[in-house]
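Participant: First the structure, which I've put down as structure tokens, then a few questions once you've had a look.
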Amino acid sequence: MVDLQLHQSLGHHNFTNKLTFYVNGVKRTISNPDPRGTLLDFIRTHEGLTGTKLGCSEGGCGACTVVVASWDREQGEIIYSAVNSCIVPLVAVEGKHLITVEGIGSSNNPHPAQERIALFHGSQCGFCTPGIVMSLYALLRNTGGQPSKEQIAESFDGNLCRCTGYKPIIDAANTFSCGRPGGCCRDNASGKANGAGATVGNGMANGAAAVANGNGAAANGCCKGNGAANGCCKSNGSAATTANGDDKEVDMNKLFTPNGLPLKPYSAKTELIFPPALKKYELNPLFFGNEQKVWFRPVTKLQLLQIKHAYPESKIVGGASEIQIEIKMKAANYNISVYANDIEELKTHKYIPGKGLEFGANISLSKLEEVCDKLVHELDPNVSQIYGAILEQLKYFAGRQIRNAATPAGNIATASPISDLNPVLVAAEAVLTVESIENGEEQISMTDFFVGYRKTKLPAHGVITKIFVPETVPRNEVVMAYKQAKRKDDDIAIVTACLRLALDDDFRISKARLAYGGVGPFTTAAKGTAEFLTGKLLRRETAKEVLEGAIDCLIKEFDLPYSVPGGMAAYRRTLIMSFFYKFYSTVLEKIGLAGEAQDNSALENTYDPQALLEVTRKHPVGSRDLTNPYEQRIVGKSDPHLSALKQVTGEAVYIDDIPPYHGECFGVQVMSTKPRARILSVDPSPALEVEGVVGYVDVNDLPSREANIWGPTPVGKEPFFADGEVYYVGQCIGVIIATDRMIAEEAARLVKVEYEELETVITIEEAIEAQSFFDYQPKAEKGDVDGAFAESAYTFEGTSRIGSQEHFYLETQGSLVVPEPEDGEMKVYSSSQNPTETQVFVAQATGVPSSRIVARVKRLGGGFGGKESRCCHLSSIAAVAAKKYKRPVRMILSRSEDMLTAGQRHPFVMKWKVGLDKNYKFTALEAKLYANAGWSMDLTKGVIERAVLHAENCYDFPNARIQGIPCRTSVASNTAFRGFGGPQGMFMAECYIYEIADQLGIEPDTLREINYLVPGVSSTPFKQAITEDFTVPDMVKQIKKQSNYDDLRRQVEEFNSKHKWIKRGLAHVPTMFGISFGATFLNQAGALVHIYHDGSILLTHGGTEMGQGLHTKMAMVCAEELKVPLSQVFISETSTNTVPNTSASAASASSDLNGMAVKHACDQLNERLAPYRERLGENATMEQLAHAAYFDRVNLSANGFYKTPDIGFVWGDPNPKPAFFYFTQGCAVAMVEVNTLTGDWSNLRTDIVMDIGRPINQAIDYGQIEGAFVQGQGLFTIEESLWLRNGALFTRGPGAYKIPGFRDIPQEFNVGHLRDRPFKHLKTIHRSKGIGEPPLFLGSSVFFAIRDALSYARRQNLGEATMPAGLVAPMTTERIRMLAGDSLYEHKGKIEPTEGDDKPFFVNA
């Protein structure tokens, strides 16, 4: 409890509890607001502005981004700061102007940023979009609407999108770039055209001509260097080049999208004005709260010191980036918080010539970045080195939103062992000024500030007020900063360092400071190594000895055990050495001891100039092939997503945006903390005593024990509530129901559960050893496998491993259940891909027929398979609570809860054996595919079946035996994920292609070409005949020509021959994905079409909209068939009371199934309207036709239905029907660049060609291709799920789990489709093809390109002609570094387990 009586020492300061600020131009004065909430809570709950979304609660995804505008009195200007409202406290906007996405535009009058993202197809599910819009808005306001491309790129580094692949968002933003669609000429953009029929950079147009957004150097040079013939792009719109190659002046008032839609010009004059009253507003000290928590907001340093003196236990808050995470994730309780970011005295900065930089402890990191950048450009480079090091670290420090709010003092005082900034301050010998009422002002050196894990020398009453960073001396001093993470931008460090050496005029080392983070419990200086270096003379003849000695010292100082907390022991040790090796070469270069490297052994080289190089990172460019010979009146056009403008303006409604119902409660699960245990007792009584708690539900509140068992398949059963035992960390034991979310969360933690722990199995290897398998083990078999192996000229065996992948849909699982007063009826609003199963299981859990449950789905904020079955559980337990308490119940999972409980993509271990004849043609395949199913089967049956059915990819095996074996483990049930087992099976196929080609000494493409399936001849291992639908070889030819593949290979060879540490790799990968549900009965769909008097049309179908554009495509089909404009067709939602018994929106079949059902309904209506069309003429409007038909009593409503013909595969049938209606195929070429010294890498270029048939909407299909590819790239490279040894998932949020960001996409991204095909064989809706899942596997091309790059490194370093067998996906930076084969790792970096220390810290399930 907090004493609300203000401490007597503070009484004279006139504290107030009233907060005054503006929201979207409207003044707000709030008295004593709820102290528990964040700014986001206020925006959504108090203001009802639900456009700003909650995505993660830790400032890692950017969905909650808003803009805070403030008046900078010192500069006399308005600063627009994008911030994460999910972590920033409400007090942070006092005296400022808060701008949300609703404040800048509406769907009827969108802001140019909103409109361009919408019309460039930059919004799919839309949940992330408002945050992205606001990041761009802040940039436009701060740059006057003319940002550079580099500014655009860095402005998005705190935003994530899981759908689009980012490219269309970047292209939309590029239209603002200094008046030039290709970007500002100072960004070195060129006007390179991409040929007829293609637009580069998603295309911009001036009139009808598409303007290219090229790559490389500007044709006319930068206007700043007087190279541009037409003057500065900022003044007149720079010369750009059209697709026809003609220079053309770009009029920024006449911009168009690729398909000719005009764009609204940007004018700063029409922007929301900054409230004039705020320029004069005087901040007053604040004190508000309740008995649980209070906030102070001092406005002077003295007030802050006095508060800290009166309340030494108080927590000082700057950006709240660390504190809010501790509150949310660790249930930390900071009863007294002090917001210190409005104290101007703590935000000053001054450079003292000849001495250094002094800055206030609470200057924002963005401002510090700006200050250091200015010093780096203005001072002698030797003097400004330390500021360059700070700048280098800040560049990749979190995201822009965090840097706008976070402060140096917060970063220092938090004492994180992986801080990016602290090693620089330690190496710089920075001095902290610490003040307190007791001791006044004192100085503490950063060199000995940290004394333990999260412990410092900061006194209990002390406040850091200033930081002084000395400048480096003008001569013979070198400072460099380094950081390595899993993802380059917005990621926590694995190892970070700042290394500093000073030498005298004889090049004798006079001082050394080597500060490392990520290698111990706190930021540590390598004092022993510094002592070794001090006094050493650097000469050519001594340099090698000094290098070797220093590295040996570093290894001894940072002796990381195999089981070190945080894992990656060998990688971290190798990074320690790699950073020093890079630094040492920098030192030798700067003091003039540069000499050519003598050979390829790291420790043999005294000076290695190539160690200084970094991987190439450029602003993304690329092309989309926009030719479409099959475009019809509506179908085939690239219309934007129907909800795009609603999504970019925040008007689109998701589950948690539905206004609260009267009496609504919030539910939070009580989850198991053990992976496998008996429940001895559950005591909710402490929770029930909390004010605001309504009650508790568990298995005893179901109609029967039998009703507790549910599951999407007959073999995939599990309980709603744990009943006697728990099987994984996170399993639902019960649900606390309370009047609001925060109360429910607090109370759920108070429920007491006692366990008796049982034996656990976490990994596939452990399951194999324990024979822990589920009974269902599908097998596909064809031919005489054993006989074929006996006659094979070659036989190869191997094992392929691929890890799991988190869905990371931006909208977490959510449900709102509203009980009706009669007959047990309920309305269920769910973020579900599967409304029918939601209906079925809610009915089961509440004991009523399905007819009394209406499941409704407006849209999902992403699904990717993760909301196919797992959503049903959440809706059902919410329904149990709603029934018991007769009140609406809302349950929205936090990001941590969602990742802990909702399951992931299945990890696989796949053991294969392949036979070949003397001509290298495959003779036989035998494989066993082990999948980690988790604790229950869920949808594993279908996943492992599809993995088996895709284990040959597109290669011909006359004899095959492939078996799937699901492993029972003690982790959450793994579930459907885009590709549904297909990518794992095809990954195995490409692994054996590469490994066998290595062993045979031939190119993988040679092996592929020999073994492609042959139409009319071949059949798959599941005996489906290959028809003319097989197009992979044709696409391979097309993509190799399009990408200039042979020339790229020559470039790679040449580059690698000249570069030692940076290597390039090139790979080509095909894919062949079967389209149909594995369960034949699911291949059906229904639709309902109503035509009203006014000619408007209401369409409902069985599919759900999750960003894939299904509603848009279905509306286009309906409009095409009924011969009306697209604007006349409206889709409101998907609901079980309009179209019953639907299949989940999954398997890439939703357009096929629902499209045909829509067509069937429209055919009926057209037949009924035919007489009226004949009578009234072809030009009659639908309104006229509907009127005439109505008065003749003609039914203007039709129900359509469709079931996929000619399929019906049955496992074990010796002569089965086809498993798939057709295959969607494609191929990709990827070229990467890898830094083998650190593991860092970048995707230089990707080209994709897909067989998409005759697309219903080409732009939507391209969005699916790009988005799936980037998601697949994540699967095969940076996305790594890790478990602790106690069975708990460690990677439970964007801080620990990394998906690709804006700067991880290909730097040149070219997408096209199979050309010159009539597609007459297709029997699909308008001869289109399903596209949602098939492109995802193409992301593996990046994995194999990295493999290719590493093969060059190993050939150079070890003389090995082949790569090690059994490479593991994802190919993380750690795995890349460990595979390089250089002497630093091979001789010094390896860490072997010792007796009693044989288990790594993390587990890969």
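Here, residue 1 is simply the first one shown, and the rest follow in order.
Placement of Cβ uses the backbone N, Cα and C atoms for every residue, glycine included.
Keep in mind the model is a prediction, meaning the values are calculated, not measured.
Reproduced below are the annotations present in Swiss-Prot:
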- 17-104: domain '2Fe-2S ferredoxin-type' (DOMAIN)
- Cys125, Cys128, Cys161, Cys163: [2Fe-2S] cluster 2 binding site (BINDING)
- 288-474: domain 'FAD-binding PCMH-type' (DOMAIN)
- Gln833, Phe864, Arg978, Ala1147: Mo-molybdopterin binding site (BINDING)
- Glu868, Arg946, Phe980: substrate binding site (BINDING)
Participant: Can you grab the distance from Cys125 ([2Fe-2S] cluster 2 binding site) over to Glu868 (substrate binding site)? Cα atoms, rounded to a whole Å.
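Facilitator: Distance (Cα to Cα, whole Å): 16 Å.
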Participant: Whole-number Å only: compute the distance from the Cα of Ala1147 (Mo-molybdopterin binding site) to the Cα of Cys161 ([2Fe-2S] cluster 2 binding site).
Facilitator: 22
Participant: Determine, using Cα-Cα distances only, which of these binding-site residues is closest to Cys163 ([2Fe-2S] cluster 2 binding site): Gln833, Phe864, Glu868, Arg978, Phe980.
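Facilitator: Nearest in space to Cys163 ([2Fe-2S] cluster 2 binding site), counting only the binding-site residues, is Phe864.
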Participant: Just to confirm: which same-chain residues, 6+ apart in sequence, have a Cβ under 8 Å from the Cβ of Glu868 (substrate binding site)?
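Facilitator: Sequence-distant Cβ neighbours: Pro712, Gln833, Asn834, Leu939, Thr975, Ala976, Ala1144, Ala1146.
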Participant: Name the one residue among Cys128, Cys161, Arg946 whose Cα is closest in three-dimensional space to that of Phe864 (Mo-molybdopterin binding site); these are the binding-site residues.
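Facilitator: When the Cα distances are compared, Cys161 comes out closest.
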Participant: Relative to the mean position of the Cβ atoms of Gln833, Phe864, Arg978, Ala1147, the recorded Mo-molybdopterin site, which additional same-chain residues have Cβ within 8 Å?
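Facilitator: After dropping the recorded site residues, what remains is Gly863, Gly865, Gly866, Glu868, Ala976, Phe977, Phe980, Met1106, Ala1144, Ser1145, Ala1146, Ser1148, Gly1332, Glu1333.
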Participant: Where the distance is taken from Cα to Cα, which of the binding-site residues Arg946, Arg978, Phe980 turns out closest to Cys161 ([2Fe-2S] cluster 2 binding site)?
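Facilitator: Smallest Cα separation from Cys161 ([2Fe-2S] cluster 2 binding site) among Arg946, Arg978, Phe980: Arg978.
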Participant: Just to be sure I understand, if DSSP states are collapsed into helix, strand and coil, how many residues of the domain '2Fe-2S ferredoxin-type' (17-104) fall in each?
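Facilitator: Once the DSSP states are binned, the domain '2Fe-2S ferredoxin-type' (17-104) shows 16 helix, 33 strand, 39 coil.
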Participant: Cβ within 8 Å of the [2Fe-2S] cluster 2 site's Cβ centroid: which residues qualify beyond Cys125, Cys128, Cys161, Cys163?
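Facilitator: Other same-chain residues with Cβ inside the cutoff are Ser123, Gln124, Gly126, Phe127, Thr129, Arg162, Thr164, Leu810, Gly861, Gly862, Gly1107.
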Participant: Going by C-alpha distance, which of the binding-site residues Arg946, Arg978, Phe980 is nearest to Cys128 ([2Fe-2S] cluster 2 binding site)?
Facilitator: Arg978
Participant: In whole Å, note down how far the CA of Arg946 (substrate binding site) lies from the CA of Arg978 (Mo-molybdopterin binding site).
Facilitator: 12
Participant: Relative to the Cβ of Arg946 (substrate binding site), which residues of the same chain, six or more apart in sequence, are found under 8 Å away?
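Facilitator: The list for Arg946 (substrate binding site) reads Phe980, Gly981, Gly982, Gly985, Gly1074, Gly1078, given in order along the sequence.
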Participant: If you draw a 10 Å sphere around the Cβ of Phe864 (Mo-molybdopterin binding site), how many other Cβ atoms fall inside it, taking every protein chain shown into account?
Facilitator: 31
Participant: Averaged across the domain 'FAD-binding PCMH-type' (288-474), what pLDDT does the model get? Just tell me the whole number, please.
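Facilitator: Taking every residue in the domain 'FAD-binding PCMH-type' (288-474) and averaging pLDDT yields 95.
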Participant: Inside 8 A of the center formed by the CB atoms of Glu868, Arg946, Phe980, which other residues of the chain have their CB, for the recorded substrate site?
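Facilitator: Going along the sequence, the neighbours come out as Gly865, Leu939, Gly942, Val943, Ala976, Phe977, Gly979, Gly981, Gly982, Gly1078, Ala1146, Ala1147.
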Participant: Across the record's substrate-binding residues Glu868, Arg946, Phe980, the largest CA-CA distance in angstrom?
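Facilitator: Overall maximum Cα spacing for these binding residues reaches 16 Å.
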Participant: Rounded to a whole angstrom, what is the largest C-alpha distance between any two of the residues Gln833, Phe864, Arg978, Ala1147 that the record assigns to Mo-molybdopterin?
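Facilitator: Between the outermost Cα atoms of Gln833, Phe864, Arg978, Ala1147, the distance is 12 Å.
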Participant: What number of additional C-beta atoms lies within 10 angstroms of the C-beta atom of Cys125 ([2Fe-2S] cluster 2 binding site)?
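Facilitator: Neighbour count, Cβ to Cβ under the 10 Å cut-off: 29.
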